[in-house]
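A.B. asks: Annotation comment: TrEMBL describes 1-24 as signal peptide. Taken from TrEMBL, the feature domain 'Ig-like' applies to 24-138, 146-246, 252-334, 342-420, 427-511. The annotation transmembrane segment is assigned in TrEMBL to 533-556.
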Amino acid sequence: MAVRDAGFLLVGLLVLFHTWGAWAAVEVNMEDRVEVFRGETAQIACMFKSDDGIGGTTIKWFYTTRSGERQNIYFQDSTMKTVHRGTPFTDRISVNGTGASGGVVLTINNVRLEDELEFICFIKSLTDGDGEGRTKLKVFETPALPTIEVVQTGFSVSEDSPSKIGVCEVKNGFPKPNITWYRNNTPLRSNQDVVLTTTMESSGLYSVRSELNMKVMKEDKDALFYCEVNYFVPGGTRMTETNRINITVYYPSTAVSVWVESPKGKIKEGDSVELHCHGNGNTESSMSITHAGVEQTLDSNMLVLNNVTRLNSGVYQCNSLDLETFETISRNITVFVNYLDPAVVIPEDTVVVDQGEELKATCNALSSLQTHTAWFKNGEEVLKGHTLIVKDVTLHTAGTYVCMVTVPEIKGMETSGTLRVNVMGTPEIVKPDNTEIEESFEKSVELSCLARGFPAPSITWTTSDGKVLKAEPQKQMEDSVQSVVRVKVTSDLTVVCSASNKFGTDAMTFSIKAIKTETVVPPEKIKKEGSGVIIAVIIICILLLAILGSVLYFLYKKGKICGRSGKQDLTKEKSNKDNIVVEMKSDNTEEAILLGVNGEKQPPSDQ
């Protein structure tokens, strides 16, 4: 009985142990996903807890096919490690770790796009049961830089339907990149404006093409369009943009502008006037300007009026005709041409005034602007104002007066008139600076006499003894006459210039003094003669020295000097003390000749 009870107890314990093993499960921890770039290495970790150790644990790796089936790729127990053959991962996977530390790592080399699957780590324990974990492998590929192309033909705001603006494209990305259009930094999200096309390349990568269609407005002429591309990378997303593009928008003019481009400021007669006429649209249009009922079609939106007169003043109308809608818009500008009539001087041309009387003249010019008048004589201003008044006129008053009328507001706007004034009266001779002249005998002197007066005086020349001199023809000047005479000086002389007309005579006397001249040797000649004398003296001195030397030598030979006799011992050797040296050097620095006592040249050693 006891043995049978013990057997029942053992069977119960075995049943209980088997039931507990069926209910127990190994705890497996894995990441939800592992992200990696295509071509790189992926590592999938499998962490578990088991008390059986290496000897009681079996590890298997699976992946889930696209159809949902499990495919075994790896097996490991206490005795062996096996990579299953015939799978896409056979040559590219390895498992690191034995499981003793509670974890193993599946390594996949050279990850491909088709590796984006779910991987299962299965753990089986003798006592703890089994368990599994799952990790999804995500594969990424950075796309090429995006491109943008714009339609070059341009767009009209008058079109009713949307126009194709441009195309953005990004190629070879994984997963599929996203394209967003922007207009001036504002995204365009309307589905009806964007047509998106996605293409899967033979490599499995995605290329995305986005076409923007929209109805343009005038404001789009200054807008910048571009595309933003967002794509996925391990751990997040990245963004890149295309370059900005501008589109051509055609729109009709809603207003025109007309202005005078030149000259700047007020216009005067004789100017060239340049009128500009422009519309604010950019569609094809016809521009013209109408004045006094005459319409002129513009070339380059510009009209040039050459050498304008006051008749060109008036209203000018700028017209713009849109060639699409045939609508005309206009704007006016008023052009005024300022004028200045020729100056009128009263009395005209020439006036004759008696000496001592009053001179009065006026000068006026009709103008559209305020004028300024001034009178000039000989280039100098003599009076401001329209009226010229000179009381008690003299011969100095005579001459030509210029009346200048100017318009201060416009540079170069001026006119002038002239008045010739003659003053009747006795002639008056203008006295020169010097009437007393000194000149050498037989020389000629030129005398000039200038006389004012009206009628023009007649000038005669006479000497103190009553001789009439023949002068050059009188020269008529603006308010005077001039006479010139040449006189040969043979003695002291007095010459009289007389100027006379019907009112009287004026005279002036020139005193000419004849002077004698002495012959003066030119300094250059004196210098040359002095140099010759010096050279002659030097030559004479050299000759005297030569003669003196010869005499001394002769006396020496005769023994008349230094206690010497006239005889010489022919066998006695000559010594330097017995030598008399005479050096003769010519003026041209020739080589000196050294003479011995016998008159022979000494060798260089004896010198």
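Glycine is no exception: its Cβ is also placed from the backbone N, Cα and C atoms.
Relative to the rest of the structure, where do these features sit?
C.D. replies: The average pLDDT the prediction assigns to the domain 'Ig-like' (24-138) is 91.
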A.B. asks: Out of 24-138, 146-246, 252-334, 342-420, which stretch touches the domain 'Ig-like' (427-511) the most, going by CB pairs under 8 Å?
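C.D. replies: Checked against 24-138, 146-246, 252-334, 342-420; highest Cβ contact count belongs to 342-420.
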A.B. asks: Per DSSP, what is the residue count of the domain 'Ig-like' (252-334) in each of helix, strand and coil?
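C.D. replies: Split into helix, strand and coil, the domain 'Ig-like' (252-334) gives 3 helix, 48 strand, 32 coil.
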A.B. asks: What is the three-state DSSP composition of the domain 'Ig-like' (427-511), stated as helix, strand and coil residue counts?
C.D. replies: 0 helix, 56 strand, 29 coil
